[in-house]
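S.K.: I grabbed these lines from TrEMBL:
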type	residues	note
REGION	1-40	region 'Disordered'
TRANSMEM	61-87	transmembrane segment
TRANSMEM	151-173	transmembrane segment
TRANSMEM	185-208	transmembrane segment
TRANSMEM	241-263	transmembrane segment
Amino acid sequence: MRAVGPDGNPASATSTHRGAVGPWEDNPEPAGSRSATDQAGAFRDDHDAEAATGLRLLTRFLVGLAVPLGLLAVAVRLVASPVFLWIEYNRPGFPDDPYGFGPGQRMSLGSHGVDYILNWAPPSFLGDVRTANGLAWFRPEEISHMTDVKYVMQLGLAAAVGVVLVALVAVVLRRRRDAAGLIRAAMRGAWVTIAALAVLAVVGMLSWEWFFTTFHSLFFADGTWTFSLSDTLIRLYPTQFWIDAAATVALLTVAGCAAVILWGRRALRRRVC
């Protein structure tokens, strides 16, 4: 059969097509104009998604990093205190000073040394400490090393506090959007810290001298941190003191990590329920 137009003549293929499709075919939209707009929108969406993902990962990384740094800073600060010195100098089994320091004199001079690495005093803070005969208790080499320790200690504590503060700000800004992810990041940071401390504990027990030497070599120049057994620093802080200090820092940090993990589990359980 053939289609017939209003005039009785056979309808052309062209007129039939236009009538079926509609008048917009007379002015077709330029090819590619709609697809270009869609592509621009899709690009913006992808860019925003990538930025959001990057921000989420960065925030989680900061939280995971803040856990070990914050806990270690607290543990180190607790050990670097007169309370820890008193416990050490008075506990059974702590080695006596072969050159005559008793617990009282050790406590006085040892606290002075700890105060120096935590305050902003100049080297004369130690240099002016004298015996009854007017002799300096600390040699210039000892004072120089304690000054190096002061810089490392204060920079380390400041860096830890800075990371923790930045992480806290990030948590405040992101807690509504990624609360569960931030909690898991804190827990992962705690688990990684426990694992790292376990490895260091094994290394320290197998070879304390190597561990102690390697640790000091990371922060101090060779020849600036070795002293004679008769020097005041060694008499105040013998090898056993550093073993006990390292163990205490590790135990305090692990306890803090355990608290973070328990808190994280309870927080996630509450969110699920």
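The backbone N, Cα and C atoms fix where each Cβ goes, glycine too.
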S.K.: Do any residues, 6 or more residues outside the transmembrane segment (151-173), come within under 8 Å Cβ-to-Cβ of it, and if so which ones?
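M.R.: Answer is 58-59, 62-63, 65-66, 69-70, 72-73, 76-77, 80, 117-118, 182, 219-220.
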S.K.: Could you pull out which residues elsewhere in the chain have a CB under 8 Å from any CB of the transmembrane segment (185-208), counting only those six or more residues past its ends?
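M.R.: 59-61, 63-68, 71-72, 239, 243, 246, 250, 253-254, 256-258, 260-261, 264-265.
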